[in-house]
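Novice: Reproduced below are the annotations present in TrEMBL:
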type: REGION; residues: 1-54; note: region 'Disordered'
type: COMPBIAS; residues: 30-39; note: compositional bias 'Low complexity'
type: DOMAIN; residues: 122-241; note: domain 'PARG helical'
type: DOMAIN; residues: 249-455; note: domain 'PARG catalytic Macro'
type: ACT_SITE; residues: 279; note: active site
type: BINDING; residues: 282, 296, 337; note: substrate binding site
type: ACT_SITE; residues: 297; note: active site
type: ACT_SITE; residues: 298; note: active site
């Protein structure tokens, strides 16, 4: 339990400084010299604290004040929030959203219409009579829940605790598209409003059909979340911690012992593990979860929508940063992957477990990334075998795996991190994760997930790090493997 200076437990929603506990982060710190300008979707109080811009008028410190002067956009969003009755059908929802956010004029609501139309008639009736009115009711509680507690962006070493009912309130506003519009490329902030999930060209691209299934997952979430305001479950805490490794380990000379590496059965999943579950993250947390993306991260976030709220207050991850989320729930069962993703039903498993997710973003070594970041190499995939690239991945994984606030007995549950569309070498990435987990003094459980050839390769002597006694020796073996692969790729 974290205590404030007066010995009381801090209210959820406040950010705590792990390094200066006991005590809450002092927002009046006069030693900060930061002059960074706020991004779109961010407000500043003083010179060093940055808060999420809410869809209601606030004073200079970020507190709700109905009479405060505010921009035309914030006023429009506040009017939008208060204009909902809960009785709107999709056409009315579209009209209200577009009226107050001109940038959304280009979006249609065809995917939302299709998702609602796909529901059984009784469930469709429930959507209009109960689920959507519940979303509106939760959204309107925003000034009450956060008006006196500005929501601060996460910084390294800090933890944000939110009640389930507070997360539901924030996600309800994302559903109604009330947050200020964000340009993720310009601001390095993930988008929040679900407008990109509502809109699409159905029939033109198979990836658009995944959006329909994603919305069905959200319906399952809101069906449950509307009960949180009056239930004990709504008082439960979900925590979000940004962790960072400021000093990289001396990999070559580390004498820490190598930990066990276990390869799990083909039908087992990372999300079924009781360990620290790895999210194959995008630098912008959640990736394409509210768009067309439907890979490991997006599927995890859409079936566990409490994870999505991290997009509101988590900026683009740096190379030495990771995000740890604990005590989130799953709300939908699913099958398939990418174009074949399907929402099957509301979650039928147990949420009587404390799940822990660590989000770490791997480097994109696909040739398609060359144009994005200016590399001139014709074969970007070979760059992953360079020592700087390996060290970057090691330090990234170590930042997430170390996680000193978590029980040291917890193992790492991972898989083909950075593989797939990022073109990472599965064996190289497995060895990198093994070395990083060992340096963090955690055992590693690898889930090949129906990839028989990968399972066999990992169980064979090909995983060179398995036979080494220390991290330093395993690291040298890792570089030896990389050098051999690099040589082969050039000849």
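Yeah, the Cβs are placed from backbone N, Cα and C, and that goes for glycine too.
Nobody curates TrEMBL annotations by hand; they come from automatic prediction.
Can you tell me where each of these features sits in this structure?
Specialist: The domain 'PARG helical' (122-241) scores a mean pLDDT of 94 in the predicted structure.
Around the Cβ of residue 279 (active site), the same chain contributes 296, 297, 300, 357, 358, 359, 360, each under 8 angstroms and 6 or more positions distant in sequence.
Counting Cβ atoms from all protein chains shown, residue 296 (substrate binding site) has 21 others lying within 10 Å of its own Cβ.
Counting Cβ atoms from all protein chains shown, residue 297 (active site) has 22 others lying within 10 Å of its own Cβ.
There are 24 other CB atoms within 10 A of the CB of residue 298 (active site), with all protein chains counted.
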Novice: Give the distance between the Cα atoms of residue 298 (active site) and residue 282 (substrate binding site), rounded to the nearest whole Å.
Specialist: 10
Novice: So how many of the residues in the domain 'PARG helical' (122-241) end up helix, strand or coil by DSSP?
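Specialist: Secondary-structure breakdown of the domain 'PARG helical' (122-241): 70 helix, 12 strand, 38 coil.
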Novice: Neighbour count, 10 Å Cβ-Cβ cut-off, for residue 337 (substrate binding site): what number do you get?
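Specialist: Within a 10 Å radius of the Cβ of residue 337 (substrate binding site) lie 16 other Cβ atoms.
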Novice: Can you tell me how spread out the substrate site is, meaning the largest CA to CA distance among 282, 296, 337, in Å?
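Specialist: Farthest-apart Cα atoms in 282, 296, 337 are separated by 17 Å.
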